[in-house]
Every structure is written in C-alpha cells, then in structure tokens.
Amino acid sequence: MGADMQPDYARLPEVDQQSCDGFVSSEFLPTRRDRRKGILYLVWFVFGVASGALLLKMLQDLPLLMTLDSSEAKLQSLLWMPTEIVVFQPNDLFASIPSPTSDRAWDELLGPSRGFVNFENPEEELGLPPGRPVPDDPKSAVYGISMFHQLHCLIMIREIYYGILLGEYNTTMFHVEMDNADGGADKDNHEHEHDRSGKAFKIKHTKHCFDYLQQSIRCAGLMQVEMPQGPDRNIFDGYGSPHVCKRWDITVFMEEHRVIEE
C-alpha cells in the first residue's frame, strides 16, 4: 500500500487528572483472580448449606431409623448378596433335550437344599410369619427362597414341554389331566393333589409356574441393555451382553441354612 494511502490519525486530547477524581482507583477494582475466588467461595457456601441441610434432615430422621424394626433390618442383612458383571453366553447343556447329563445339570441348580432354608427363631429374630414346623425343633422353621422356586418352575415346565414333544404326554391324556387339575369330573382329583409325582399334579403346578414366573420377572424388572447380534444386528437373544448378577455366594448361604431331612 502506497504512502499516500496511509490513514490519518489524530491525537486524543489529554484528560485532566482532576476530572478523574470521582472514579475509583484501579487498585480497588476486582481482578479476574478475585472474581474466580468469589465464585469459588460462593460454590463452597452453597455446598456447605446443602450439606448442612442434608445432615440436619438425617439427624431429624435418625429417631425414625432407630425405631425401624431391627428384625427386618437383620433379615435384609442376612439375605444381602454381592453382585458381579456376567456376560451371557450360549450354554448348550441347558438348551439340549432331556438326557441323563442335561437332566442332572438342571437338577444340580437346585443344590442339596432344593431351595429350602431353616431359620432359628425366625419370628422373633427376623420378623417372619410362621414357617413350616421342623420336627423336634420348635424354635426353627422352614422357608423357601424365590430364586430356587423359579428354577424349580423352569424344571417343571421343561419336563412337561419335552414330555409332550417326546410323546410321554399324548393329547388326550393332556386334556384329561388338565381337566382333572382344574377340578374336573375325576372323583379322585383330590388324591392326585397328594401325588406330587403324578401327571395331574405336574400339569396343575406348571399352570401355577407360568403365573409365578411372569410375576417374578416383572418384580425383578431388570433394565439392563442387551445388544443386538448377527451380521444385520437384528437378533436380540441376550447373549454377549453384560448383566449385573448376584454372585453364587447364594449357594454358601443355602448350605449354611440347609434343611436337614431326618
């Protein structure tokens, strides 16, 4: 750019020092660092007030917490189990048709306890309603654990399902047994109630299992995200996805409270 194109600048007029006497000196103006400190102090103040309010609320609720039934707290503590992350993977053993090996695998899920536990002084110590009496031990009672009840139901449904497919239950037999299980015309129906190995009892119990399992699944309400599988990502089988699961310390608990059959 040529010299003749240079812009002209005019000198600003000098300011009379006395005209600035009404302004605050810059040494008294807050710096950026001071403003940061002020914001930090404000944050800590708000945090302190919130913490104090929370502490006060806890102290106010303390009498209520202390009056909480200690037996209920003891029961919750007794039943608490640690969790772990488990990635579900296919298990052909449990997906296979009945065989001595697969049947044994399913049966072993119930363990020696078969899903029942024995508690001493359950009504006084744990706040439980009366359980099944234990012979020769009036202070103890037997209760069931829901996870094993659910497994028992799956085992029962599996038996009926494959029994129908393999011809152990023919269609006519199935409908007759279903009528009997519903309280049909069979006059010996009440006797079937006591035959827990009979087909009538198993069919009736399986009907109960469908209802019990749907309630159990909805009660657990697991909200863990499952990723799609397959080349087109359109298969949702639950495999390959992490799930938060109870650790199998449960088996130790069941053994410690195992019902000893005489």
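Backbone N, Cα and C atoms are what each Cβ position is placed from, and that goes for glycine too.
Summarising the annotation, Swiss-Prot assigns N-linked glycosylation site to ASN170.
Secondary structure of the motif 'HXXHC 1' (149-153), assigned with DSSP and counted as helix (H, G, I), strand (E, B) and coil, comes to 5 helix, 0 strand, 0 coil. The motif 'HXXHC 1' annotation in Swiss-Prot covers 149-153 and is backed by similarity to another entry.
The motif 'HXXHC 2' annotation in Swiss-Prot covers 205-209. This prediction places the mean pLDDT of the motif 'HXXHC 2' (205-209) at 88.
Per Swiss-Prot, the feature transmembrane segment maps to 39-59.
Secondary structure of the motif 'HXXHC 2' (205-209) per DSSP (helix as H, G, I; strand as E, B; remaining residues coil): 5 helix, 0 strand, 0 coil. Counting residues 6+ beyond its ends, the motif 'HXXHC 1' (149-153) has Cβ neighbours under 8 Å at 109-110, 114-115, 206, 208-209, 212-213, 216 in the same chain. Residues of the same chain lying 6 or more positions beyond the ends of the motif 'HXXHC 2' (205-209) and with a Cβ under 8 Å from any Cβ of it are 153-154, 156-157, 160, 181.
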